[in-house]
Amino acid sequence: MPSHHYTPDNSTVHSEMARKTDVPSLYYGEPRKFDPTFRGPICNRSCTDLFCCVIFVIVILGYIALGTVAWLQGDPRKVIYPTDSYGQFCGQKGTPNAKKSTLFYFNILKCANPAVLINLQCPTTQMCVSKCPDKFSTYTDVQLQYQITAAPWDYYRQFCKPGFNNPTKPIAQVLRDEDCPSMIVPSRPFLQRCFPDFITQNGTLTVAKRTHFKDALDTARSVTELRDAANGITGLVDAKEVGMKIVEDYAASWNWILIGLVMALVVSLIFILLLRFTAGLLLWFTIIAVILVIAYGIWHCYLEFSLLRQQPGADVTIVDIGFQTDVMVYLQLSQTWLIFLIALGTIEASILIILIFLRRRVRVAIALLREGSKAVGYIMSTLFYPIITFLLLAVCSSYFAVTSVFLASSGDAIYKVMAAESNCMYANKTCNPETFNKTNVSKACPGAQCTFAFYGGETPYHRYLFILQLSNLLIFLWLVNFTIALGQCTLAGAFASYYWARRKPQDIPPCPLFSSFSRAIRYHTGSLAFGALILAVVQMARIILEYLDSKLKGANNVAARFVLCCLKCCFWCLERFVKFMNRNAYIMIAIYGKGFCMSARDAFCLLMRNVVRVAVLDRVTDFLLFLGKVLIAGSVGVIAFFFFTHKMPIFQEEVPTLHYYWVPLLTVIFGSYLIAHGFFSVYAMCVDTLFLCFCEDLERNDGSSEKPFLMSAGLHSILRKTDHH
């Protein structure tokens, strides 16, 4: 069989030798010397970073133990069902509250923050009810009406403590003992809790068409006070309604969404197959198609903007109309189309500038992708490896979510003394509801009650629950990054075995993907875990900074906000750098089988010695692949748009009735992009691997008959161009 490696002529050999003499080895290490026994990934290996491997295994076992303890200690009912002041779940089957699924607050005005309500720590009596009140009423009014008819009291007492049936009890004692609420207001359930039924009429916030009302003590109250007590609830209720409609839209259109995603899968596969045989033509077609589509979008936006600018009422700004669930409202504004026009114009100008000033590098990148398509063509199984990565990530995410819920619901019911008087010395002290009446708290603080506060405990497990949640998050990030690292190392090993095969495809080992996966798991688990841990720590720091930033948003400390902003920027850059170095380190691990630190150092030095070529590969190739993903997602999205907006006559009867057509449309577009990204990520990894192998090949060999290049003549001519441009 003839050899498929590349042996250049004498002039090329001399030019390669001259190029190597100019390598800045003093700063970025010495180039590798020729090794006739080197066979790429198929070489003798040993376990790397064994200590990290042992730590990683111990952490996984500890994570399993943490999940087990959380599942034993936690109770998801504490998250699913709200809890009343007596520690009983609302709506739980088999309990007295089985038919009372909603939590009612005696005095919602004491709840100054909606987060307090959701966390069940509002300092007022909380009781399970079967339905929320639907009208205004006060205890004083009911007392007066009771002398005439018992009907108002029969309605009102369903919101009082169970068993209380004494409408003649003085109002002061009722409020002191919190037997009944001082007033009730029209409410509706949200998150299984009764919240005031806010309605905006002509820009004025109302409850049951009223802006003012009186409580049991005949004190004037305003709807604004209710709004302040449950700030943001109006938006949340509207969000719930929108959410219910979105769920209904998904239920009505899920089969068509699935068809759209299958279509994206088929289009992506066809694109990959065409890329194998017509890479140059297809990529240039993609570039031109994207330019033309954006140009059409610019023309259409300008046309709509010109028409709407002449219509009265179309000059209203987006800020003036606020949030609207109907997208068509925004499309009737001239400002919307102006924003689209500016955005598309900026994108079009950016693409044209890249093509004009980097046209030579674009040609080189296209040729490099053509070479990469040959490797993918020989190892087609690599296209489906992202499915394995997706399944592993789904397992990690599910385990993390379930463990978080059980950790959050761990602990026993904690009861606190809720005093009617602010100067009570026992206020907020822990109490026992079974023995509370036997203590002297009631005497010292008249009207004080022992009510449920939250779930917790005094054991070390409960005291360190917050630390366990942070550990859960850190280990989750570690496992996610390890899964991604495993995929990158596996793909790199498969494509490296293609590159270093002297005769292609005869010398490519059988099942290269499975062999690479086995090597990565058997020998390099520790190295992959080491790199994943570094990235996880950086990501954890970013999450903490984001949390601190959210806490400081309302603060006036400009210096602290500035420092925090700088830290966020620095850690973002650090994360990007670590991801870049990890990716190349995993490729070197797949090729040479060394530890993480040494592989990262070798990768960095190799890239610095070929920094001009890196500039071609890193951005231009990613830009071309991005255009491919946009073309696939955009083409499927256009078809979905015409389908869901009833603009396809042959499918008029099959189109489901929807509240918001953009729900399935955005799902199809986003899902199509993710599917295309999964396939193209394999190509990106292939190109990165071939690039590092090419650089290694240049440093190991000189193209002579004794030390021939293993690259093809086409790949050698492609990347040599970068030395001259």
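Every residue, even glycine, has its Cβ placed from backbone N, Cα and C.
Whatever TrEMBL says is automated annotation, not expert-curated.
As annotated by TrEMBL, transmembrane segment applies to 50-72, 254-274, 281-299, 337-358, 378-402, 475-500, 521-545, 557-574, 623-644, 665-685.
Put simply, of 254-274, 281-299, 378-402, 475-500, 521-545, the stretch with the most CB pairs closer than 8 A to the transmembrane segment (665-685) is 254-274. Within its own chain, the transmembrane segment (337-358) is flanked in space by residues 287, 290-291, 294-295, 297-298, 301-302, 304-305, 308, 331, 620, 623, which lie at least six positions past its ends and keep a Cβ under 8 Å from the stretch. A contact between the transmembrane segment (281-299) and the transmembrane segment (623-644) is present, since 3 or more of their C-beta pairs, 6 or more residues apart, lie under 8 Å. Of the Cβ pairs linking the transmembrane segment (521-545) with the transmembrane segment (378-402) and spaced 6 or more residues apart, fewer than 3 are under 8 Å, so the two regions do not touch. Highest Cβ contact count with the transmembrane segment (378-402) among the listed stretches 254-274, 475-500, 623-644 falls to 475-500 (criterion: pairs under 8 Å). With a cut-off of 8 Å between Cβ atoms, the residues of this chain six or more beyond the transmembrane segment (50-72) that come close are 399, 402-403, 406-407, 410, 461, 468, 471-472, 475, 478-479, 482, 525-527, 529-530, 533, 596.
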